[in-house]
Structure formats: structure tokens, C-alpha cells
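What follows is one structure encoded as C-alpha cells, with my remarks underneath.
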Amino acid sequence: MATNTGGLGTPPSYEVSVRGLIRSFGPKGVLNGVDLDIAPGEFVALLGPSGCGKSTLLRALAGLDRDVRGSGVVKVPEQVSVVFQDSRLLPWDSVLGNVTLGLRDHDADARGRRALAEVGLAGREKAWPHELSGGEQQRVALARSLVREPRLLLADEPFGALDALTRLKMHALLKELVAAHQPAVLLVTHDVDEAITLADRVIVLQDGRVALERVAGAGVDHYSLRGELLAALGVHAAA
Amino acid sequence: MTTTAARRSTTVTAPPFGGGHGTHPGTVVEPHLDPNLSTRPDIRPSSRRLGPGRRRRFAGLVGPAALILLWVAASATGLLDPRILSEPWTVVSTAGELIADGRLQENLAISAQRAGLGLFFGIVVGAVLAVLSGLSRVGESLIDGPVQIKRAIPGLALIPLLILWFGIDETMKVLTITLGVFVPIYLQTHAGLRGIDLRYVELAQTVGLSRAGFIRRVVLPGALPGFFLGLRFAVTGAWVSLVVVEQINSTSGIGYMMELARTYGQTNIIVLGLAVYGVLGLLSDAAVRLLERKALSWQRTLAG
Ligand SMILES: Nc1ncnc2c1ncn2[C@@H]1O[C@H](COP(=O)(O)OP(=O)(O)OP(=O)(O)O)[C@@H](O)[C@H]1O
Ligand SMILES: [Mg+2]
């Protein structure tokens with residue numbers, strides 16, 4: 001896994017490269033110069049207090065902020081997939097139709113079926129989205145994002161609406177899928193533990209800037225990292 | 001104080017919250033030890049249902065059937081003067097005579113053709129205009145204003161002008177119906193289209209849908225509920241327009257048949273005409289609803 005904390009030596013070719021990103025709604029600045037690099041296949045978790053601009057940053061990377069004032073350099077790969085907090089399935093399309101939405105190749109259906117099998121939903125291709133549980137809907141959304149083999153996967157609190165147990169299962173599934181497909185990942189979350197268990201690197205956004213950046217993953221003391229991240233987020237509870 | 005399992009298994013012999021009989025606080029009672037449990041009826045606290053409940057077949061016919069029964073009863077008992085409203089059996093025999101000499105089918109075919117053509121053109125025009133004005137600002141500024149003006153003018157007020165332009169032939173009649181039909185189709189489809197959640201538009205962008213794919217996969221299905229609402233208004237409107245154009249100046253059609261009957265004082269034919277209009281209206285509305293239920297089966301609504 002790529003471990004990168006930026007800067008030193010010859011620069012590796014980054015999948016994502018953001019320089020001096022500024023975004024504002026009205027007079028108020030939301031992002032005040034964000035710098036961020038993500039290496040190919042690297043899993044980055046983005047933490048930060050509510051309203052600090054995490055979604056704004058993610059939307060900038062997804063190219064969904066055409067009407068927002070701002071400046072900066074954003075380099076992202078061609079193939080970007082987004083998973084939203086709501087599963088955002090088209091209610092009038094079948095599960096399979098949702099997964100293959102926008103695919104233009106002739107074997108789209110076969111690929112969609114494979115992706116659904118990968119997330120454990122083989123056999124539900126013909127169901128309407130409203131016939132699925134919340135966790136299943138989110139799995140369809142995962143299948144939809146991975147079926148296009150993205151170089152970059154953007155996820156904005158994808159498990160925020162799920163119960164704790166389902167969320168743990170989704171963590172395992174996401175890990176598996178990311179290992180299989182190897183996209184770079186930027187995961188926005190409120191959950192410090194989720195960030196630590198899933199990510200190679202955790203960054204904290206505050207006052208429109210990257211305020212803290214830590215390597216996570218194997219070999220890192222979860223307990224002290226957790227304390228440090230919580231402190232950065234303004235929570236000073238003895239864990 | 002007792003576990004749920006314990007409370008459930010004692011319900012048969014003790015009141016639910018009585019407690020004290022046989023179970024002590026903290027005792028775990030195996031739920032299947034009670035032989036009554038397996039044969040007990042499924043007792044659930046009755047929760048109030050706010051929806052209308054399951055759909056039943058032919059339920060829509062109950063109301064009309066009751067009305068007909070009332071009519072039969074009133075005529076049979078002499079409460080209803082046949083000069084005011086013919087007896088049902090007279091109307092039936094009149095229908096038999098008119099079918100035998102072919103007049104009913106002939107006029108019905110003409111009327112159905114007018115309504116069908118007007119409806120068809122109205123639907124096409126209304127839907128195309130709605131998509132054009134819903135998807136582009138230019139389209140909206142060009143189309144929406146005129147349609148709103150057209151909406152403000154009662155459709156039937158245009159008839160004199162249409163007669164001057166097109167005479168009193170079929171073109172004028174179909175056009176009158178078309179003009180009445182396209183407005184509700186346009187309004188409701190346009191509203192449905194504009195009501196499509198912006199989040200789906202974002203989704204379409206992130207999965208790289210083409211413009212055509214966006215219209216086919218997101219816009220049209222998303223606007224479909226609005227379209228069907230418009231369609232139901234449109235079908236009703238088509239029959240209204242039909243009645244008017246056929247009674248004002250016409251030499252054929254159900255409306256003409258009724259108008260002719262009026263000059264001879266034939267109440268039975270007038271009532272037959274009304275019944276035919278009623279049946280046609282009912283059938284067409286049922287057809288639209290059936291279509292709607294098939295096309296919108298992805299929706300979860302009270303209609304069921
Ligand atoms: N479309 C918008 N119009 C105006 N202000 C907006 C808009 N979107 C976001 N904002 C503002 O920008 C700020 C950052 O919003 P953003 O959604 O990025 O926060 P966030 O970090 O994702 O918060 P949360 O964790 O609660 O999702 C907020 O103060 C919000 O009010
Ligand atoms: Mg957010």
C-alpha cells in the first residue's frame with residue numbers, strides 16, 4: 001500500500017493532486033487553500049467538524065460544483081465514481097438498471113450482474129430499489145460505483161445512515177472491494193474509528209484547510225491515533 | 001420485570017401486566033413450554049391503519065351500480081316521470097333499436113374517432129412542448145408563456161375562430177379537442193419534470209450519462225407520474241370538448257344524435273346518449289388508470 005505523507009524526495013505520480021483549492025458560498029469562505037495528494041490505490045479518510053467543507057471538497061473533486069465560486073488546481077483521473085450518503089438509486093429503474101446506468105459497452109449487463117454478485121446481491125437484479133433494505137441499497141450504490149472500475153472512488157459518509165452492525169459489515173465489504181479493484185479512495189466520515197480501520201491515511205479538515213494528517217493502517221497504534229484525532233476534532237474525552 | 005418471553009407465555013392464563021403468577025422476576029421461561037402457544041390464534045395489538053387498505057377487484061363498479069339500481073327503483077315505483085327521465089328499460093330497448101338499424105355504432109365510431117385523434121395529437125403536442133420547455137431555458141421562455149395564456153382562455157371560446165378558419169368539418173372538431181387536451185398534459189408533465197430531484201441530475205453527471213441517456217433514463221421516467229396525472233385530466237377534457245363540438249354544429253356523432261332527439265322530444269335517446277358518454281368516460285378513465293399502474297409499478301403510493 002502506498003504510504004505517503006507528502007513532499008520529500010522525487011514526487012510520485014499522484015492520482016489526485018489538489019493545490020490551493022478555494023471555494024466559497026456568498027461572502028463566507030468554506031475552503032481556504034486546500035492542498036491534497038492521493039497516490040494510486042491509496043485510501044484516505046477525511047475527518048472534520050460538521051460544516052467544515054468536507055462535502056464541498058469532495059464535490060469539487062467530483063466536478064459537481066460548477067456553480068460555486070472558487071479557484072485552485074484540481075487534478076483527478078478520468079474515471080471517478082461517487083458514493084453518496086443516500087444510496088441515490090433511481091426509484092423507477094431496476095437494481096440492475098441502476099448499476100449499469102451510463103455504461104455504454106455491450107457487456108454492461110453481464111458486468112452489472114458480476115458487480116451485484118460481488119456485493120452479495122446476486123438474484124436481486126430485477127427488484128425495485130424500494131424493495132431493498134437501506135444496507136442493501138447502499139451495497140447497490142457500491143456496485144454501481146465499482147462496476148465502472150474507477151481510478152478514484154469518492155464516498156461522502158456512505159454508511160452514515162446505517163445501523164452499527166450493518167456498518168461493520170459494510171466496512172469489511174468495502175475493504176474487500178477496494179483490495180480487489182485498487183482505486184484510490186477519499187472517504188468522508190464522522191466516525192474516527194471507521195477512518196482508522198479503513199484508511200491508509202487520515203486527514204482532518206478545519207477552518208478550510210488540512211489541519212492534521214496522519215498515517216493509519218497496520219503498525220500504527222490505534223489507541224493513541226484515535227486520541228489525537230479526537231483531540232483535533234475538539235473532543236477531549238479520555239477514551 | 002419479567003422477560004418478554006415469559007410475559008408472552010403467561011398471557012393466556014394471566015392478564016398481560018398481572019405478573020406474579022408462576023414467574024418470578026428474572027426467571028427465564030422457555031417460550032415453547034406452553035402447549036397453548038402453538039395453537040393460539042395470532043393475537044397482535046391492533047395497530048390503526050391509516051392507508052385505505054388492500055385494493056379489491058371491481059370495487060370501482062360499486063358506486064355506479066348503486067346509482068343504476070336507484071334509477072330502476074325510482075322508475076319502477078313511478079316516482080320518476082318518464083317524460084323527465086326515461087325508464088332504464090326504455091333506454092335499453094332504444095339502444096337495441098338503434099343498434100339494429102346501425103345508427104348507434106355509426107355515431108359512436110365517429111365520436112370515438114374524433115376523441116381519439118384529438119387526444120392523440122394533444123398528448124404528443126403537450127408532451128413534446130413540456131420536454132422542450134422543461135429542459136432548456138430558451139424553450140421555456142418561448143413556450144411556457146404562450147401555453148399559460150392559452151390556459152387562461154377557455155378552450156370553447158376559440159370555437160368561433162376555429163370555425164372561421166377551418167369551417168365546420170372534422171379538422172375543426174379534432175383541433176378543438178387537441179387544444180383542450182394538450183394544456184393539462186403540458187402543465188402536469190412540465191411540473192413533473194421540473195420536480196425531478198436535483199440529486200438524480202448530479203448522479204447522472206457522475207456516472208457520465210449522455211444528454212440522450214439522461215432524458216431517457218432520468219427525465220422521462222421521472223416526469224411520468226406528472227404525465228399520467230395530466231392524462232387523466234386530458235381524457236376528461238377530451239369528452240367535454242367532444243360533446244360541445246358535436247352539439248353546436250355537426251351532422252354526425254353521439255352529440256348530434258342527442259341534439260336531434262331534443263328537437264323531437266325523444267328523452268329516451270337523450271338519456272341513451274348520456275349513458276354512452278358515461279360508459280365511455282368510465283372506460284377511458286379505467287384504461288388510463290390501468291396503464292398508469294403498469295407504468296408506475298415502481299412507485300409506492302396509497303393507490304396501491
Ligand atoms: N449549496 C450551498 N449553498 C450555500 N452554502 C452551502 C452550500 N453547500 C454548503 N454550504 C455551506 O458550506 C459549508 C460547508 O458545507 P459542507 O457540506 O461542505 O460541510 P461538511 O463538512 O460536509 O458538513 P457535514 O459533516 O455536516 O456534512 C457549510 O457552512 C454550508 O452551510
Ligand atoms: Mg457533508
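Think of each number as a place in line: the chain as shown, counted from 1.
Cβ from N, Cα, C; glycine included.
Unlike curated entries, TrEMBL annotations are predicted automatically.
For reference, TrEMBL has these:
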| type | residues | note |
| --- | --- | --- |
| COMPBIAS | B:1-16 | compositional bias 'Low complexity' |
| REGION | B:1-51 | region 'Disordered' |
| TRANSMEM | B:58-80 | transmembrane segment |
| DOMAIN | B:104-292 | domain 'ABC transmembrane type-1' |
| TRANSMEM | B:117-139 | transmembrane segment |
| TRANSMEM | B:151-168 | transmembrane segment |
| TRANSMEM | B:174-193 | transmembrane segment |
| TRANSMEM | B:214-235 | transmembrane segment |
| TRANSMEM | B:269-291 | transmembrane segment |
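Segment contact holds for the transmembrane segment (B:214-235) and the transmembrane segment (B:117-139), given three or more CB pairs below 8 angstroms at sequence separation of 6 or more. Counting residues 6+ beyond its ends, the transmembrane segment (B:269-291) has Cβ neighbours under 8 Å at 60, 64, 85-86, 91, 94-95, 98, 104, 108, 112, 115, 228, 231-232, 235-236, 239, 243, 254-255, 257-258, 260-262 in the same chain.
Between the transmembrane segment (B:174-193) and the transmembrane segment (B:58-80) there are fewer than 3 Cβ pairs closer than 8 Å, counting only pairs 6 or more residues apart in sequence, which means the two stretches are not in contact.
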